[in-house]
Amino acid sequence: MLLLGCIKEVSHYELVISLPNGLSGFVPVTQISDAYSKMLSKQVAQGELLEDLNSLPDMYSPGMLVRCIVTSVEKNADGRRSVKLSIDPKKVNKGLNASALASGMVLSGFVSSIEDHGYLIDIGVSGTHAFLPHQKAQNYIKAVLRGSDLKIGQNLNCVIVEVKNEGRVVRLSIDRSEVAASLATERQNWTLSNLLPGLVVKARVQKVAPLGIKLSFLSSFTGFVDFMHMDPEKSTSYSPDQVMKACILSIHPTSKVVRLTLRQAFLHPGGSPNQLSSDRIGAVVEESTVKTFYKQFGAVFELDDGTLAFARLKHLSKTRKSFKPAAFKTGCKHKCRIIDYSLMDEMCIVSLKYQIIEARFLQYQDIHTGDVVQGKVFALKPIGMQVKVTDGIKGLVPSMHLADVILKQPEKKYNRGDEVKCRVLECNPAGKKLILTLKKNLIQSKLPVLSNYEDAKPGLVTHGFVVCARDFGCIVKFYNDVKGLVPKNELSSEPISCPDKVFHEGQVVKVMVLKCEPQQERLLLSFRLSGKPAPEDKKECTPKKKQEVKYQIGEMVDVKVLKKKDNGLEVSILEDEGSGIAVIPTVHLSDFASNCKLLWHCLREGDVLPRVMCLSAKGEHIILSRKSAVISAVQEEQVVRSFSEIQPGMLLTGYVRNVMPFGVFVEFPFGVTGLAPKVSMSDKFVTDTKDHFVVGQTVIAKVMSTDEEKQRVLLNLKVSECSSGDSAAESFALLNQYFKEMKEIRNLFRRRAESGMAQGLCELVPGKELQLVVQDVKEDGSALFSGSCVTGLSVTAARYHVGGE
């Protein structure tokens, strides 16, 4: 069966495809195209990575429409059906032959090789040589791929521009305007045996029924539009003989039944359907209103925000017997929970089942490291035991974590279907990876959960497990793969000559943190929980006490630069030059990341910096900050001094402490830290967190929720959520501050400029008009300039700023 699908998730080994009517399917990495499969085989045979082989996440992203063919429908181990698909053009376009090709046809093609003047495209038609010239790909490369070249194995929507030698040679275009404007016509000689999903046709209404509409198209074909694919804006206003655009969704191979959609997102080839923000999945809607009820299928609801949602029949009640059709008359209200989003139907999928509405976990995103979960034993494997937490969530208990000691024959202790209580060691929602432990001492531990290096403050006592005991000491692991070293002298108050005889792999231990360097991910631990700290700590303890009393956090001081270091400035405090050395890290020189580097470059030893704020007085040094937004937040008392003061909804000014693949850690004055998960980082779709934030960047964060027990704060960094009201005034104040700092930097440059070039740089103020000559235009669309007023400087305009010239 041929279907139009939309990519929902991308991993290195498969694409998860959203299909019409809320279904899902999977495309394995081997079912992309012939050229891509050959490169995969070559890489496996050579045993090393090929430079020109791109991974699936490099070429595919959620929201892309693809034409697929069903290769098999299999039953999983848990009785669910799994639909396997292929997007290989040899299978999808198998109904086409060289003589049937005509100009104007839209079909799927895959890049099979990159040539000097363009690309060879595999369109799956034997005996046909398809070529895409460079100029027909430029518009697509600029707009969609942001300037990066097409890659082998990439899926493209191609329109045939020219057919030569009875279809043996065809010229293609992927120009977005040409693809979007194309319509399937009778001239293109489509037949029921080669009709393709994704084609946009002119159709005429034949009959309007409660469950859908019957249409005729391409003069002699008929097809059906079901209730989920009528345009929601016009669903009640269709009438016989009305002419409209429709898009083919699926073609059944034997019955030749064609299904179409009238939804706007599909009526231009190359478009993509609307996506739902991922934080909406899992939301409970107190009152959803029944719009229509279909006794064979389910019900369509209107949610609290006006969007439509669909509940399948089995999700309307706990069991078939308890189902009451009278409760689903138009206008009836029900409580439901959003359990999924169907991209192809642009609709939320909801459930009214009590056990789903009340479920603690619905998707991997709901599970956090350190959570205690109930599950059922699903399968025993050589690497460990699979545990089913809910229908859609499975986790792995590695062999080492099956019990407090390592089990030689786990099958004697556990049987399939056994209920088990586990604790989450690691959860990666993006990779659907959940690692659990069954060690009682970890599950029952009341000590704090150590799941990132930032939380490893000296003096913290927590539980971990030994992963290796050697002559140098023990390596102890915690949650989220955080690990540290217990050196030999910290193993016990008595000397231990052979640690491997005293400690064993998998043993749960109580440890104390001695020292942590989060940037280097280095952690020093001790098993000696009571008694005095080791001698090397004594030296650090005395100045610590003296300074903590001396300077309070938030105190303003004037400082003099003593020394420039790679990561900041060493300074002395002018009021009290004997108080030891203070440090201003480079990232704390300004609220603006670009200005921090410039200021560090301009400042010299002996320079005096007025009004710098004390940020922390712990450890060897006093840490100072020059971030004006952070200083004003402290002075206006818009800060929290401890975890207990935090309330959801608060807006707090802080700075990025660490950028991880799963989110951003933000620190606030007085040491409170919070996490903004990937979904709450930006109003844009986030693929790589490092593209959005840098360490030290000043941010305004909104508190979403707090967890007293784990001392955890969840934040939102979306600009749309973090404005206190007058966003225009806030933006202008920030710009004003930026230009003020630029002026300060320019003056420093001017005073110190050894060369004429640096002097020239000072004269270039924002808004100044220059007469320049274009030197070069790069592949990504940016331009390079030269001119007498910018001699020796490199001058560029990004592709967004070349003004369409």
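Including glycine, each Cβ sits where the backbone N, Cα and C put it.
Pulled from TrEMBL, these are the features on record:
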DOMAIN    1-88  domain 'S1 motif'
DOMAIN    104-175  domain 'S1 motif'
DOMAIN    198-263  domain 'S1 motif'
DOMAIN    282-353  domain 'S1 motif'
DOMAIN    370-439  domain 'S1 motif'
DOMAIN    459-528  domain 'S1 motif'
DOMAIN    649-718  domain 'S1 motif'
Discussion item. Using DSSP, what is the helix/strand/coil residue split across the domain 'S1 motif' (198-263)?
Written reply: 3 helix, 35 strand, 28 coil
Worksheet item: Can at least 3 Cβ pairs under 8 A be found between the domain 'S1 motif' (1-88) and the domain 'S1 motif' (198-263), with each pair 6 or more apart in sequence?
Response: yes
Item to complete: Pop the mean pLDDT for the domain 'S1 motif' (198-263) in here, whole number is fine.
Response: 86
Worksheet item: Among 104-175, 282-353, 649-718, which stretch has the most Cβ pairs under 8 Å to the domain 'S1 motif' (370-439)?
Response: 649-718
Practice prompt. Tell me the residue counts in helix, strand and coil for the domain 'S1 motif' (104-175), as DSSP assigns them.
Written response: 12 helix, 34 strand, 26 coil
